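Student: Could you have a look at this structure, given as structure tokens, before my questions?
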Ligand SMILES: CO[C@H](O)c1c[n+]2c([nH]1)[C@H](O)[C@@H](O)[C@H](O)[C@H]2CO
């Protein structure tokens, strides 16, 4: 069997996010986040679980970095908890919060693991939410102040910066559907929040450039490759709409200085066509160095006059993960080809992985289904590079089992198992599989 060998500098990593792993939700001066507030609200999270302790990474980060080194990670993507730095979102600084990340980054560098920082992975300071949160345009400015401080502190030692994680998800699930913090159900608000997040992104990129830092800065977008159920004209149009709405909404403003047509049509149909100052798009489209994509599954769609946008989802025929997401590795290849064709920008896969109901038997976790998932997707990443995509790296989601938002701890994505009763970590078989991938810089074809 042929070995598919990646380019020499290809970056193999794993990813996490602050609220999902850190715990210490109100320790050492950290301010409340909207996820603390949301998860403390009964009925929002599976079995009313929350991130108060999570994986206790705040206290166990040294052990966790040792495990990253044991796996052989070349990079580690993690997010900064904004309210751990600025408890009120701006103004008063929390030195102990800064010190935690200083120690974490120092430990990573000591182990030759490149830090890749996500500045915002959904845990907005509650104090800013109390002033309107992402519905308040000023939050974009406050974000750039926070980003500027992080660049000042770590810009010389952290080579990869991601401004936002999945603005579509935090705008829509947080402001339109209410499934995520801050739990609002206001479709119009989702568009305003999304726009202010993009503004925040652009202002942060400008701050990074003004600081003259030598690293790379980008954004992470969630993508699900879209396929029409049939080749009928109606289904093809439905697929085009879904791709624009689900994948391009937060990409086109950055690369084309405008929203996809479908977004403007929704705004106009609802009389929400706000007058976004054209100058916003000058800021939003500040050039970035890479695009991060989070790929998990695809979307098969068909025309349906009774559905939102006239588009209904059709379930795929292949195996599904514990999240109910179809396993479709070819979708990763297709989306990489499409995005690189359309935007010609270096790409990182900043998240890819699968939740399965892992069990510990004789001290081992034989997660062969996750190994197969990772293997097939890593193969597609190789074929995308072979076919011309400038793909720079791959971050598995996730380094360790963690708080899976509204699903609480019921979904396990980690390549490291976490026993939440004891906080014991156990490398799953998939961790050893990934270790071999990294050692060989390649995968069996
Ligand atoms: C459709 O999947 C999304 O792209 C997506 C999946 N995921 C994400 N975004 C988030 O970035 C992570 O915080 C989640 O833990 C992770 C697993 O659910």
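Cβ atoms are placed via backbone N, Cα and C, with glycine included.
Below are the features listed in TrEMBL for this protein:
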- 20, 121, 165, 296, 397, 404, 405: substrate binding site (BINDING)
- 166: active site, proton donor (ACT_SITE)
- 351: active site, nucleophile (ACT_SITE)
Student: List the recorded positions among 20, 121, 296, 351, 397 whose C-alpha is within 10 Å of the C-alpha of residue 166 (active site, proton donor), in sequence order, or say none.
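Tutor: Passing the 10 Å Cα cut: 121.
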Student: If I restrict to non-local contacts, at least six residues apart, and a C-beta distance under 8 angstroms, what lies near residue 404 (substrate binding site) in its own chain?
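Tutor: Same-chain residues close to residue 404 (substrate binding site) (Cβ under 8 Å, separated by 6 or more) are 20, 355, 410, 411, 413.
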Student: Pop the Cα-Cα gap between residue 351 (active site, nucleophile) and residue 405 (substrate binding site) into the table, whole Å please.
Tutor: 16
Student: Residues other than 20, 121, 165, 296, 397, 404, 405 within 8 Å, Cβ to Cβ centroid, of the substrate site?
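Tutor: So the extra residues in range turn out to be 17, 351, 398, 402, 413.
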Student: Determine, to the nearest whole angstrom, how far the Cα atom of the residue listed as 'active site, nucleophile' is from the Cα atom of residue 397 (substrate binding site).
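Tutor: That separation, Cα to Cα, works out to 5 Å.
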Student: Same-chain residues six or more away whose CB lies under 8 A from the CB of residue 165 (substrate binding site)?
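Tutor: Correct list: 17, 79, 118, 120, 121, 122, 220, 294, 350.
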Student: So for residue 20 (substrate binding site), how many other CB atoms are inside 10 Å of its CB?
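Tutor: Residue 20 (substrate binding site) is surrounded by 27 other Cβ atoms within 10 Å.
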